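Peer 1: Below is one structure. I have some questions about it.
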Amino acid sequence: MIDELVSYNREFVKNKGYEKYITNKYPDKKIAIVSCMDTRLTELLPASLGIKNGDVKIIKNAGAIISHPFGSVIRSLMVAIYELGVVEVMIIGHTDCGAKHMNSSEMIEKMKERGIPQERIDMIRYCGINFESWLRGFETSEASVHETVEQIRNHPLIPSDITVRGFVIDSVTSELTPVE
Ligand SMILES: [Zn+2]
């Protein structure tokens, strides 16, 4: 498993496989993309948009959502905008997203099956974590993308000259549909 990847890496480096990927940290296209961690998109998303190493910043999580207004997605966008010259942000949800069906009570049951005691869950709830909103799914990919676009457009620390646009990508054909 991980060991396979590590030994592949030894060979890759030895054979200078990295040479054709050399670039710098600044995104040439000045775009940041927020998308889902779905494995169908790993190669398909960049290939279908014509993105190469060095072109864009890609921020991924389960569902392409912003679960907290000052969490890691916004933090990454702040770095991308203020430090790395990004001027356009693309939110790309996708069809058949696994995160859509997330349900906090089902996940809490799975945690308990895996040995997490109820007292610990209660304690975390007591500390202010709202499992219902933190581990929530969404109705449709379009609605979720729309909400994320609005969160970024209305964020108090993101400048108003940043363009934010939303899309849903087909997980099989890669066809992009704009979300208005
Ligand atoms: Zn997904």
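Placed from the backbone N, Cα and C atoms, the Cβ positions cover glycine too.
Fair warning: this is a prediction, and the values are worked out from it, not measured in the lab.
As annotated by TrEMBL, Zn(2+) binding site applies to Cys36, Asp38, His94, Cys97.
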Peer 1: Report the same-chain neighbours of Asp38 (Zn(2+) binding site): residues 6+ apart in sequence with Cβ closer than 8 Å to its Cβ, ordered by sequence.
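Peer 2: Asp38 (Zn(2+) binding site) has long-range Cβ partners His94, Cys97, Gly98, Ser171.
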Peer 1: Under a three-state reading of DSSP, tell me whether Asp38 (Zn(2+) binding site) is helix, strand or coil.
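Peer 2: Reduced to three states, the DSSP call for Asp38 (Zn(2+) binding site) is coil.
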Peer 1: Report the same-chain neighbours of Cys36 (Zn(2+) binding site): residues 6+ apart in sequence with Cβ closer than 8 Å to its Cβ, ordered by sequence.
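Peer 2: The answer is Lys60, Asn61, Ala62, Gly63, Ala64, Ile92, Gly93, His94, Cys97, Ala99.
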Peer 1: Using DSSP reduced to three states, classify Cys97 (Zn(2+) binding site) as helix, strand or coil.
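Peer 2: DSSP call for Cys97 (Zn(2+) binding site): coil, neither helix nor strand.
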Peer 1: What's the number of neighbouring CB atoms sitting within 10 A of the CB on Cys97 (Zn(2+) binding site)?
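Peer 2: Taking every protein chain into account, the count is 23.
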Peer 1: In the same chain, which residues outside the set Cys36, Asp38, His94, Cys97 have their CB within 8 A of the centroid of the CB atoms that define the Zn(2+) site?
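Peer 2: Once Cys36, Asp38, His94, Cys97 are set aside, the remaining close residues are Ser35, Met37, Arg40, Leu41, Gly63, Ala64, Gly93, Thr95, Asp96, Gly98, Ala99, Ser141, Ile169, Ser171.
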